[in-house]
Structure formats: C-alpha cells, structure tokens
C-alpha cells in the first residue's frame, strides 16, 4: 500500500502474498488463456490480503510488486482511492493543564485548519487553535539525511487544541469535537483527575510503547507489545480506578516516518480520550545531529521534538523546553527531559532545583520524579543505558529534596531498586503482613527507582551474572505499572499485559506531614 499526493519513496505498509495459504497451493486457480483445443495455456493463482487503513488524509493506492523492498518491480496498481472526508476530526486525546483539575486540554487531528470546537458538559463549548508543522521544520544534516526531511515525510494536516474550563475535580463529563462543516467526533465520556491536595490518586505509567499494525503488514519499525499493553490498560480503565496515564518517552517511534503518528494516535485513542494522558519526551522524539540534544544520535529520524510537542502539548515551560510539574491528589509529579541539557546551572537544572525545593509536603506528601533515560539499570549494551554524567548532576537533587519515587523508561523491561544513592543501598524494603516489599520513608534515606520501559518495544532480557546489589526485582515482560497513592501509602504494582497478573509490587509508607 502506498500514498499519493506527497508520496513517500517506500510503501507505507506491505504484506507478502504468500501469507495467504491458498496462494501457495494455488487453490484459487483461474485460467486466463486457453488454446483452440480448450487446454489452459496461462493459469493464475489468487490471494486475499486485508489491510487496516485509517484516515490519514492522503490518497491511497494498492500496488502489487515483486523483487522485494530493495528492487521492487511493479506488476499491478490499483486506481487512486480517496477518503470520504479527509477533514474529519480524529484521535482526540486529553491532558491536564494545571493542578486544580478544573480544566482539561483536548487535542485532535483534522485535514482542515479553520477553527473547530469542543462541546462539553451539556452545553458549554470552546474554540480550537489549529497548528501544524512542515517539512522545513524537520531537521537533517548533509552527512546523515533524515527520513523526516525526505522519504518519510507526510503532511500532518492540522493539530487542533482547545481547553475545557469550569470543570470539577474527579468528575465525569461528555464531550465531542469538530464542526458542522467537517463533521463531529463521537460523543465520549472523560473524567478529570483529583485536584492537588486531595487524599488519593491512581495512575498508570509506562514508557517505550510505539505501535504495531493491526494486520499482518510489514512496517519499518514495529513495537510488538504495544497492542497488548494498550488492550490491558483499556481493561484497567474499565474498573474506573485510573485517574491519569503517564507515557514517559519514546511515544510513537515514528522516527521520521510522519504518517505513523496517525496510526499511534489511533491506537491510544480509547485510553487518551477518557483520562489525562501526560507524556515525557524521549530520545526517539528529540535526538538528531545538529538539534542541540544532549545525545547526538539519529533516534528521532529528524523530527527533533517538533512532532511530539505538536501532538502532545504539555504544561511545559516553553517551546522546546518540555519539562513541567503537576500535582494530582497526594502526589507532586516532576517531569524532566533527559534529552535537553540537565547539567548543573543549566536552565532545566535550575528549574528542577527550584521546583523540588518549593513542594508543599503538607499538600502533596509524595514527590515522584519522571524522565526517560534511567539512572540505574542492570542492562549492559554497546550503547550504555545509563549516563554517569546525568547521574552525577541530577541524582543529588533527588536526595536533597527527599524525592520518594523515580520512574524511568528507555530500557525495555521492568526493574526496581532498593532505596539507592550513588550506587549504594541506603535501606532495603521489609515484608509487610501481606508479604509485600515495604519501604518506610518516615525515616527517609534515598529514592526508590523503577524502570517501566516495557510498554511495547522488543524486550531487554536480564543476565544472571554480576547482579547489582541495588537491584531488588527484575521482570522482562510487556506491561505497565499501576500506582495508587494515599497521603500515607504508595502502592506500585507491575502488571503483565498478556495475563494482567501482578509480577512485582511494593509499597512506600510514611506518617502524614
């Protein structure tokens, strides 16, 4: 399958005809030419393939070719197929704007840039602001041309965003978005998170999700666990106990193939349309040579944070400064960018220092620190997962400000530490009456770190050799963390997406402050 309009130089997605067993056995044989005697001179075999196609606003062709991807030879192509309504409003996803939980941002995609509306709460409405980005906004360097600037480019249409105000915390509302001229979305129900200072909050957190085709297609970059994780989180949300979701870096893995953002947004819509979907930036959103990232890798495919910030407007400090803090219930969340400068006295470092030192622990007794690249991981690889300079710069901020819990992704598994600082266990958990590992932060010693990068990308296994003393629990399964925080207790459970069974759990407790 390929696109027309502003075409790529590669198929968007492709399937092998041999996937249909009837084709190899020629069970659908048909004679195309017969001799005078009636004998068949030209026989063909047929196959049936099914493609999952979403409305990405561009004309589509189906192409039958041989020779593989490197030397394709077109044998037959369909006529041009057009979507009935390329301007249709799609893929609405929510995010929090502040800690009061009295407003929520809704962001969606459309092929039309004129202002649209969100209608909500039985008669209220808010106008959208439409933004977009162009091929010129993508980055590239002569020695390493990027797909985003070349064959991976796809016009994103328009990204609409509107803020629903006058809401109440922990309440449910109906909404729809669009306009009479382009059409309206289905009516959806969402719930606001609890306000800062309230007694409890429940959230789901994972990293490194991406997307996978909902058909047997081959794509350039597939995250095989993404479908099982989104399905499991959708079931989790049916319980009514999920106030928000945190996706902490490596969001879509579009990596310069821009149309894949549409497929990713389609995948998460059942989740992100119902509760606040908060994100952190990762290497596959930001990093590229010449982009001023801390790490000079081609991981973003030339997107350099532009697509990410367009699709996921967070309450950030500013453009290309995607760090922020927000409070829900009893928790102060601080979300940083590991891809932007974090060294001492940098702008982000100074912001983290100020934010952490200003937390009112009587209102939010728990502080949870979130980023993409970890400070602790057992995985050893050619490209190190842990940057010692990052640890040396930022870890003292965590200890000095008594951060309770740290979540990172980047490494594609789950791992939990003791209460650790500078590679040494400052305290170990003890079993409670239910056999759950419990850290007592009434006498604070150091943060507990958890890697939750098992959201979809192919898993990283663990070696049994030289296990680090600070590594308490390790799981190499696709899944997510389910977290419930009261004023005196935080319960974290890592859930396998294939079975929805708890593979690890721990508590952090302390007296009220």
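The backbone N, Cα and C atoms fix where each Cβ goes, and this holds for glycine too.
Taken straight from TrEMBL:
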DOMAIN    9-85  domain 'Purple acid phosphatase Fn3-like'
DOMAIN    89-192  domain 'Purple acid phosphatase N-terminal'
DOMAIN    203-414  domain 'Calcineurin-like phosphoesterase'
DOMAIN    446-505  domain 'Purple acid phosphatase C-terminal'
Structural state census, the domain 'Purple acid phosphatase N-terminal' (89-192) (DSSP three-state): 6 helix, 48 strand, 50 coil
Overall pLDDT of the domain 'Purple acid phosphatase C-terminal' (446-505), taken as the mean: 96
Composition by DSSP (helix, strand, coil) of residues within the domain 'Purple acid phosphatase Fn3-like' (9-85): 7 helix, 23 strand, 47 coil
The domain 'Purple acid phosphatase C-terminal' (446-505), counted residue by residue under DSSP: helix, strand, coil: 0 helix, 29 strand, 31 coil
